[in-house]
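*Asks:* Reproduced below are the annotations present in TrEMBL:
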- 1-25: signal peptide (SIGNAL)
- 4-215: domain 'GH16' (DOMAIN)
- GLU101: active site, nucleophile (ACT_SITE)
- GLU105: active site, proton donor (ACT_SITE)
- ASN109: N-linked glycosylation site (CARBOHYD)
Amino acid sequence: MASSSWNLTPIVFVLLSLFVSSAFANFYNNIDVTWGDGRARILNNGDLLTLSLDKTSGSGFQSKNEYLFGKIDMQLKLVPGNSAGTVTAYYLSSQGPTHDEIDYEFLGNLSGDPYILHTNVYAQGKGGREQQFYLWFDPTADFHTYSILWNPQRIIFSVDGTPIREYKNPESLGVPYPKNQPMKMYSSLWNADDWATRGGLVKTDWSRAPFTASYRNLNQNACIWSSGKSSCNSNSPSNNAWLNQELDATSQQRLQWVRKNYMIYNYCTDTKRFPQGFPAECSLQ
């Protein structure tokens, strides 16, 4: 009996591997390279994507689909070494002057200094809702999962399953919330040495170019918006549990751990920026 079970193990392992890999989107089928003149590359039969930046140009891509609410997971491995002046952006956005946007921006730094993870939320064209964090690991050494959960009640930013930020719908306070404009997912790697590293004091060292960031395991569990309709209307509620998801007690504790130990900027506590009082939504966050 033991011998028979052992012989089945490789078959079961292969079947499980096929099941797990099928959950992740193929980059060929799900994204369009939008700029970079060959600096964005899809590799490994669509399982890996890299963006590169040199002195001439950066590069970027966007999702083929638009979404109105969803949970988007992406694994990133950031530019290693001296990445000062570079920004790797990964975000959801609609278009136009009153656009909505949900941002991750990874601000490069000198070798040995930590990356700054910059987050922001735009609604009806207005942003200015920045929170910044250090990470509790080296984001250049391996892939890590960066997630955006966006539903009608809240936006949750998570890193490797640990929530780092929750932005609650502030419409009850008269503040707009991203809920009516479908958004695509975007990512880009670009030079921002006029502001990104220590306010622009540290410039990009082009002798280290090309700078490269890597992506894999895109998972888009989201409501696809097409021809004025949402794909979620025809799905059973059990497939879209994230539409009503909120942070449980354990997740709240993890969020507070991040805020206590790794948050380095919060617009809702910036008295110099808001001497007349903080924005209304800060009372909810």
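The backbone N, Cα and C atoms fix where each Cβ goes, glycine too.
Each of these features: where is it, how hidden is it, and who are its neighbours?
*Replies:* Mean model confidence of the domain 'GH16' (4-215) amounts to 90 (pLDDT, 0 to 100 scale).
Taking a C-beta cut-off of under 8 angstroms and a sequence separation of 6 or more, GLU101 (active site, nucleophile) has the following same-chain neighbours: TYR91, LEU92, SER93, SER94, ASN120, VAL121, TYR122, GLY127, PRO178, MET183.
Every protein chain considered, the tally of other Cβ atoms within 10 Å of the Cβ of GLU105 (active site, proton donor) stands at 19.
Shown in sequence order, SER83, ALA84, TYR115, ILE116, THR197, VAL202 are the residues of the chain, 6+ apart in sequence, with a C-beta less than 8 angstroms from the C-beta of ASN109 (N-linked glycosylation site).
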